[in-house]
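Listed in TrEMBL:
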- B:11-50: DNA-binding region (DNA_BIND)
- B:GLY85, B:CYS86, B:GLY87, B:ARG88, B:ILE89, B:GLY90: NAD(+) binding site (BINDING)
- B:74-175: domain 'CoA-binding' (DOMAIN)
Protein chains: 2
Amino acid sequence: MNSDMLGRITRYYRALNRLRSIGLEKVFAHNLADAAGVSAAIVRKDFSLLSIHGQKRGGYEIEELIKKLAQILGKGESENVIIIGCGRIGKALMHYSGFEPDGIRVVAGFDSDPLVYADASNPIPVYPMSRLEEVVEAMNVKVAIITVPENAAADCYSRLVETNIEGILNFTPVTLKSRNVNGSMRPVVHNINIALELEQIFYEIQFLGKED
Amino acid sequence: MNSDMLGRITRYYRALNRLRSIGLEKVFAHNLADAAGVSAAIVRKDFSLLSIHGQKRGGYEIEELIKKLAQILGKGESENVIIIGCGRIGKALMHYSGFEPDGIRVVAGFDSDPLVYADASNPIPVYPMSRLEEVVEAMNVKVAIITVPENAAADCYSRLVETNIEGILNFTPVTLKSRNVNGSMRPVVHNINIALELEQIFYEIQFLGKED
């Protein structure tokens, strides 16, 4: 499955959970298409590739779809996440309510500053960096979000690859790269560079028609 | 230029500005390669496509490179940005120092809650939503960041497309889509869905070799 299709599948899955939570039992391809920002034809094509078939008139059973997509997405495993770097962005993500519908749980934060990790107002436990390995193992955490300052990113990354962490979502402007370990690229790294996204938007708007 | 190449060019540009700020005058392809997370061969190929040539021994002149890339990226235009929705993530972005090296300036925030927009501790002016059009015009703003709650995203988007805003960076989990206006897709929209990124990481780590 390529990453575009994976993106759509996770969007369908998310939309289905929401539809179920408001009491719906059936859904049509065009509903999922709207939620995922694609056409209904693409939804039908994705489902046909995954051998998922609806009824001609009634659409798809939401419960059944959720089960099938959960299986495809490997759900049921621990989806515990930690946050390294509890500055403003890290703290905002600790409080972020958008993870819950997807079953993702932010279980702990890490920071090198005692003023941060000893602060009683943190909504989840925040530990000093020295306890990283221990907590990752104890809580069976596989994925970390990095929100440290730019100059701490490389160091933070070196420490994470020494733990059981297998996936990283990196919000620092430093591009972090996986390493080839016995033929597989580890850890899985997704880099989100906010300034870069803005730069690209500024670049693209230059080419919009200027007819108005 | 495709979006991969554009991403690299903006990364080179960003790295060059930082190198200049610490007093360097020359740079080698492999330095930029490290900064952008690619190989030196790719840097050379990009530059050759853009008709940028270095000296055999000395590498590239940083000052000259910055000028050329700035021209390619359309720099010099206003890079004023506004933030719609000044909750935790919006506020974190107001304080984010990572925009400055790229010349991006967050000039104003907007919120529908008087407790937020009347709060004197905001680092930049925060206005009620009713003043959106007026401020966008007065400050010649072309790009907006959306960090409103999920259920306000569609409404916020409808309001933005009625203004002079041409580009949107959307942090809500709702996928926002451009519309075809006289043959060009407007506005330019980049969707960053944090929960979705984590889902994809969880999906991908299932397939890592389990040899250890």
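Just so you know, glycine gets a Cβ as well, placed from its N, Cα and C.
Note: TrEMBL annotation is automatic and uncurated.
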Just checking, which of B:GLY85, B:GLY87, B:GLY90 (binding-site residues) has the fewest C-beta atoms within 10 Å of its C-beta? B:GLY87
Under 8 Å, Cβ to Cβ, against chain A: pull out the ones among the binding-site residues B:GLY85, B:CYS86, B:ARG88, B:ILE89 that qualify, in sequence order. B:ARG88, B:ILE89
In DSSP terms, the DNA-binding region (B:11-50) comprises 29 helix, 2 strand, 9 coil
Can you break down the domain 'CoA-binding' (B:74-175) into helix, strand and coil residue counts using DSSP? 39 helix, 25 strand, 38 coil
In all the protein chains shown, the tally of other Cβ atoms within 10 Å of the Cβ of B:ARG88 (NAD(+) binding site) is 17
B:CYS86 (NAD(+) binding site), number of other Cβ atoms within 10 Å: 25
